[in-house]
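In TrEMBL this protein carries:
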- E257: active site, proton donor (ACT_SITE)
- E454: active site, proton acceptor (ACT_SITE)
- D125, H165, D173, K369, H374, T416, N455, A456, R487: substrate binding site (BINDING)
Amino acid sequence: MTLTLRSSTSFITLRDTKCLKTPVKCCGTICFAQIKPSRGIRVKNSMTQEAQVLSTEGCRNEKREKLHALSGVHHNNNKDDSRVPVFVMLPLDTVTHGGHLNKPRAMNASLMALKSAGVEGVMVDAWWGLVEKDGPLKYNWEGYAELVQMVQRHGLKLQVVMSFHQCGGNVGDSCSIPLPPWVLEEISGNPDLVYTDRSGRRNPEYISLGCDSLPVLGGRTPVQVYSDYMRSFRDRFSEYLGEVIVEIQVGLGPCGELRYPSYPESNGTWRFPGIGEFQSYDKYMRASLAATAESVGKKDWGISGPHDAGQYNQFPEDTGFFRREGTWSTEYGKFFLEWYSGKLIQHGDRILAAAEGLFQGTGAKLSGKVAGIHWHYRTRSHAAELTAGYYNTRHHDGYLPIARMLAKHRVILNFTCMEMKDGEQPQHANCSPEGLVRQVKMATRDAGIELAGENALERYDGSAYGQVLTTSRSDSGNGLSAFTYLRMNKRLFEEENWRQLVQFVKSMSDGGRNSKLAESDSRGTNIYVGFIKEKNVKNIKELALV
């Protein structure tokens, strides 16, 4: 078979093939659209015959450089507990709006390549807006069933995200998948079902947690809707849970993260490193605030949220609430932040309690994602974290309560920005991703739960990989139990980027001990990179998988 990576696709696309078999049984040529100078990549598997480079005419005597790749399936019961398995996120549009697997033959080839690099498995978003779009309790899992079976054939594992948020409007969103149409109809009739800021701006990314326990979605509560969705998934894929599907990441908010949508990028509302805004102004959140204030004898505190918290793109010192000795440190400020962050933790607790009951005994682990909001971390108020719902200040730990809530349900804390270094950030933003990661590692250690990681932004360089290796170790707090790389796309398969990924996977497998590639692979799988020098070669890069 011959496959081509075109510039318009998220992964390898097919030119012509009739074969959808595993790497051991299937051979062919994968061709990549060239961005950098043309180079051919060849993969040799020890279970097959010697691989041959299938390049253009006249390119058979090119210089070869050997890279290292891993083979074999990883298992969680590996005796070397320093090993960190690596997963790779699949494209956001892996399943089409019609409910089918997007470009299945191309996906087959891409999974084949990832398997050759030694990754543990892949991650995919199971979009609520696709699966239940035809009506309440009408689920279509067929596109995901195709993917699960394909992943199984390649001997890979799968992490599935229960994505109850919309796709579109945030960093890295390359397609648009709104909430189910019948949910949008409910929102149209009752706009307070979604998060609202002080100026009345509505955010349709995710249902407001203020109505978690109210029957506002066709007679069901949002938590019931999420539970029914997860139950349908469990029943449809019961035979794969714990074997192929090894982790369920439960969506808990915008971008699947346990947070408020305090920094929405859509329509230019927010831009880095703005402090964001509190999202507590829909009628359900306001009613909760009023009731809580009255219960502590401070009725006036429940009239509205802070009046001096500023706007999305301001800095802490521009506001009365977040400045050095601002309202955040007063009795009122502490009351509001306790309520605001407490509502978020209760939200996570409700959904994860339902997930625990549904997936207990299946063998699949549960995880929940927390956002890596590292800007203004060096200030006293940590303003950007506060508006997102993390009550984390110079004097108050906002992540230990979250970790303890996750521990109640034996849930892994998945954290982002593992690839970031303090020195790479702009000084005026007062960032400290390294300090934030250290704090979260300590919180998970103290709570007794596992910590998994992701990179926040697409990175292909050795510096980013090296930082992940550093944070993956258990020298300070918890080490990582797994790492999921963002994201599989055409750039990942470029020669130099692929080289970096293979080296990274090898180093993570060795617990971060090896920083260089070995000259040969003890497991019998090698990648050879050939240099194509002819000027008349068109922009084609070929990968022969034998």
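Glycine is treated like the rest: Cβ placed from N, Cα and C.
Taking a C-beta cut-off of under 8 angstroms and a sequence separation of 6 or more, E257 (active site, proton donor) has the following same-chain neighbours: K369, V370, A371, T416.
Of all the binding-site residues listed (H374, R487), H374 sits in the most crowded Cβ setting, with the most other Cβ atoms within 10 Å. When the Cα atoms are compared, D125 (substrate binding site) and E454 (active site, proton acceptor) turn out to be 15 Å apart.
Note: the Cα of H374 (substrate binding site) and the Cα of the residue listed as 'active site, proton acceptor' are spaced 14 Å from each other.
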